[in-house]
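Novice: Sending over a structure as structure tokens; questions will come in a sec.
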Amino acid sequence: LKCLHKHCIQADDDLKSMFVGTVMRKIKSRTWKKHRYFRLQEDCMTIWYKSKKAANAHSTFSVGDVEAVREGHQSEVLLSIADEFPPDRCFTLVFRGRRGNLDLVAESAGEAQSWIKGIRKLIDNLENMGQREKLDQWICDWFKKADKNRDGQMNFKEVRDLLKMMNVDMNEHHALRLFTMADKSQSGTLEDDEFVLFYKMLTQREDVLRVFQEYSGNGQKLTLQDLKDFLREEQLHEDGIQQYALKLIERYEPSDTARMLQAMTFDGFLMYLTSPEGSIFNPSMVELYQDMTQPLCHYFISSSHNTYLLEDQIRGHSSVEGYIRALKRGCRCVEVDCWDGPNGEPIVYHGHTFTSKIFFKDVVTVLGNYAFKASQYPVILSIENHCSVEQQKLMAQHLTQILGDKLLKSPLDGKILISLPSPEDLKGKILLKGKKIGGLEDGMNGVVDDPLMGEVSDEEETKSKQHLSKELSDCVVYCKSVHFSGFKHSQIHSKFYEISSFTESKARKHIREAGAEFVLHNVRQLSRVYPSGLRTDSSNFNPQDMWNAGCQIVALNFQTAGVEMDQNDGLFSQNGHCGYILKPAFMRKIDERFDPENPQNDGYKPLSLSIQVISGQQLPKVNMKEGSIIDPLVRVEIHGVPLDQAKQETRYIDNNGFNPVWYDTLQFTIHVPELALVRFVVEDYDKTSKNDFVGQFTLPFTCIQPGYRHIHLLSKDGTSITPSSLFVNVRITNVN
């Protein structure tokens with residue numbers, strides 16, 4: 001099949017040498033270093049590698065799975081062999097999701113550069129492809145997989161096997177009819193363009209055609225007026241509709257003639273509907289759109305728990321990689337457990353367990369390097385401190401020396417000390433959260449408390465009075481950890497810069513017994529909620545319950561995929577992925593009384609959400625068993641205040657993951673839209689056991705665009721699975 005990449009290779013020396021292939025060392029540890037032969041496949045998408053010894057064993061990975069290439073000694077594994085191989089021969093491939101890195105050492109600096117630059121070009125190429133090209137590329141990849149005898153042609157048997165691979169269980173008679181229609185040359189096989197034609201007939205979007213024909217005067221095209229009618233009546237666009245319609249034609253209409261006539265063909269209409277503008281997520285809310293000048297406690301903050309762990313809490317591997325991953329996902333509050341280490345160097349690990357250990361100074365270095373890659377807004381470093389005063393001094397020294405002026409060491413100039421500064425005020429700053437001797441005011445008057453005071457957190461009440469180093473205490477400014485003694489007590493005594501931590505069960509108890517008090521407490525100061533110590537498997541609690549009470553720092557195990565991380569990713573996918581989301585107005589005012597358990601207060605206006613699930617496109621296979629095809633169903637879940645928690649499902653479709661059609665309508669009432677998240681889940685129905693997960697997409701209710709929309713599905717660990725999507729029609733109305 002004529003692929004998109006052929007031309008770019010001839011012209012490019014880096015890609016040429018990747019085609020020829022290169023022997024490099026794959027490094028897993030100081031002692032595991034083995035030669036592997038790496039080569040880029042013709043599709044410019046797959047990298048194939050095999051060991052010299054095993055004659056037939058080889059592996060492949062897709063360029064699309066590579067998130068970044070790091071040059072030099074930028075991973076723990078490569079740092080451990082830094083004395084052996086120079087940095088200009090080393091590089092690391094970082095994969096999306098939760099797959100481990102690939103650390104490589106080339107024979108020469110030149111070869112390393114070819115691979116580093118080549119892979120970066122291929123990643124750029126992919127990122128700049130439109131939906132249409134991505135789909136063509138996807139078809140092209142399938143064609144290659146199915147063309148078993150590599151003759152560039154497909155006979156009917158190969159086509160039938162291909163359909164199975166693509167998750168289609170098609171009536172043989174129907175498949176043969178399409179095959180014969182596509183075989184224009186009547187050769188009994190499909191070549192290049194014939195296969196594309198076959199694919200187009202196979203994927204004919206009847207569901208979209210119905211919508212198109214409803215608005216098209218002649219069934220052939222949408223005039224500018226037709227398109228405006230569609231945008232107004234179905235997509236509920238209001239302002240500047242003429243300019244918007246023209247912009248869509250300019251951007252998505254492939255036919256020059258239609259563009260000149262200011263009209264849209266079916267192809268253009270389909271491209272618009274599968275584009276970001278046709279997505280269920282309002283593109284203007286993907287950007288940074290919120291007011292970032294309010295006090296820190298008025299935002300939900302993306303927060304991670306035990307950030308150093310990549311697996312479970314008992315035996316998991318501690319790694320600075322955990323920090324890099326969380327920070328690159330927009331996390332703004334990371335956690336370190338510090339203990340006394342050998343030779344006076346403090347170490348980080350999950351105390352009293354078998355998790356491996358890393359140096360505190362290495363964590364701080366990574367923090368300095370990655371804190372502001374995904375977002376400019378402040379990062380909070382939450383320290384659980386088990387160190388002796390001597391090693392705490394060293395911690396303070398590392399923080400000051402490595403982070404330099406990124407570390408906030410004194411209150412911001414000229415700010416009257418009555419409330420927390422804003423994310424905007426604190427751009428580019430790292431804040432330490434921990435114990436502090438005395439308060440902010442004392443520091444300003446030069447008064448020093450007895451250094452033996454300073455309570456410890458709930459996490460560690462056993463060593464009741466802990467010695468605190470003045471140097472480390474001085475690094476804590478706006479996030480002083482204090483023990484929580486009740487809402488009454490904190491209302492009278494607590495300071496805006498004090499922060500208490502709650503285990504999930506304590507937080508739930510407070511929400512049940514005094515929800516409105518908890519919301520008010522969080523108007524004034526920060527709260528952190530973390531998973532119960534019993535979650536040794538690093539599972540997560542439902543963060544929604546905590547957000548409902550206005551808790552800002554809801555710390556989750558970022559390394560664990562599942563519905564809770566989907567909710568976290570969903571909430572923080574808006575506002576430029578910056579890690580801060582402004583809380584609703586009723587959670588920022590001292591004089592409001594919002595109770596998550598009883599949300600019907602002033603200005604209470606419930607909404608009705610109606611979702612017609614129309615169809616699915618190219619859903620991935622989950623069961624790799626030969627010939628198995630999914631029976632997909634769609635579940636829509638509402639996560640919000642208890643009154644809004646709900647889920648409904650479509651029926652399941654037998655044996656079709658390729659283009660299932662439902663036309664099932666699901667209805668919900670949303671009482672507190674500002675706090676609701678909507679999660680779309682696709683599962684493979686199984687009557688004998690638990691359904692298999694296929695894909696999901698979660699977004700804030702407030703970010704939904706009504707009308708006919710596509711939902712681009714994500715895998716279990718939050719990465720995209722092009723070209724899998726759902727097509728839905730969404731209506732939001734007032735409940736009378």
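Using the three backbone atoms N, Cα and C, a Cβ is placed for every residue, glycine included.
Those TrEMBL annotations? Automatic predictions, nothing curated.
Quick paste from TrEMBL:
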type	residues	note
DOMAIN	16-124	domain 'PH'
BINDING	26-53, LYS433, LYS435, SER501, ARG528	substrate binding site
DOMAIN	134-169	domain 'EF-hand'
DOMAIN	170-205	domain 'EF-hand'
CARBOHYD	SER185	O-linked glycosylation site
ACT_SITE	HIS305	active site
BINDING	ASN306, GLU335, ASP337, GLU384	Ca(2+) 3 binding site
ACT_SITE	HIS350	active site
DOMAIN	472-588	domain 'PI-PLC Y-box'
DOMAIN	588-715	domain 'C2'
BINDING	ILE629, ASP631, ASN655	Ca(2+) 4 binding site
BINDING	ASP684, TYR685, ASP686	Ca(2+) 5 binding site
Novice: Out of ARG30, LYS433, ASP686, which of these binding-site residues is nearest ASN306 (Ca(2+) 3 binding site) by C-alpha distance?
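Specialist: In terms of Cα distance, ASN306 (Ca(2+) 3 binding site) lies closest to LYS433.
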Novice: Do me a favour and check the Cα-Cα span between LYS433 (substrate binding site) and HIS350 (active site); whole Å is fine.
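Specialist: Given the Cα positions, LYS433 (substrate binding site) is 18 Å from HIS350 (active site).
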Novice: Over the domain 'C2' (588-715), what does the predicted model average in pLDDT?
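Specialist: 92, rounded to a whole number.
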Novice: Counting only residues 6 or more past its boundaries, what in the same chain has a CB within less than 8 Å of a CB in the domain 'EF-hand' (170-205)?
Specialist: 1-2, 136, 139, 143, 152-156, 159-160, 163, 270, 615, 617, 658-659
Novice: Identify which of the recorded positions LYS26, LYS34, HIS305 has its Cβ surrounded by the largest number of other Cβ atoms within 10 Å, counting every protein chain shown.
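Specialist: Most Cβ neighbours within 10 Å: HIS305.
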Novice: Which ones are near ILE629 (Ca(2+) 4 binding site): of the binding-site residues PHE38, GLU42, ASP684, which have a Cα within 10 Å?
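Specialist: Neighbours among binding-site residues, in sequence order: ASP684.
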Novice: Using a 10 Å cut-off between Cα atoms, which of these binding-site residues sit near TYR685 (Ca(2+) 5 binding site): ARG30, PHE38, GLU42, ASP337, ASP631?
Specialist: ASP631
Novice: I need the CA-to-CA distance for HIS305 (active site) versus ASP337 (Ca(2+) 3 binding site), whole Å please.
Specialist: 10
Novice: Tell me which of the binding-site residues LYS26, ARG30, THR46, LYS50 ends up closest to ASP337 (Ca(2+) 3 binding site) in space, Cα to Cα.
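Specialist: So, spelling it out, the nearest of the binding-site residues is ARG30.
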Novice: Out of these binding-site residues, GLU335, ASP337, ASP684, ASP686, which one has the fewest other C-beta atoms within 10 Å of its own C-beta?
Specialist: ASP686
Novice: Quick one: Cα separation, GLU384 (Ca(2+) 3 binding site) versus LYS34 (substrate binding site), in Å?
Specialist: 39
Novice: Using C-alpha atoms only, work out the spacing between LYS50 (substrate binding site) and ASP631 (Ca(2+) 4 binding site) and round it to an integer in Å.
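Specialist: Computed Cα spacing between LYS50 (substrate binding site) and ASP631 (Ca(2+) 4 binding site) is 36 Å.
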Novice: Once ASN306, GLU335, ASP337, GLU384 are set aside, which residues in the chain still have Cβ within 8 Å of the Cβ centroid of the Ca(2+) 3 site?
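Specialist: Same chain, not in ASN306, GLU335, ASP337, GLU384, Cβ within 8 Å: HIS305, THR307, TYR308, VAL336, VAL348, HIS350, SER382, ILE383.
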Novice: I need the least crowded one of these recorded positions (THR46, SER185, ASN306, ASN655), counting other C-beta atoms within 10 angstroms of each C-beta.
Specialist: SER185
Novice: Please list, in sequence order, every residue of the chain apart from ASP684, TYR685, ASP686 whose Cβ lies within 8 Å of the Cβ centroid of the Ca(2+) 5 site.
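Specialist: The surrounding set, listed in chain order, is ILE630, ASP631, PRO632, LEU633, TYR652, GLU683, LYS687, ASN691, ASP692.
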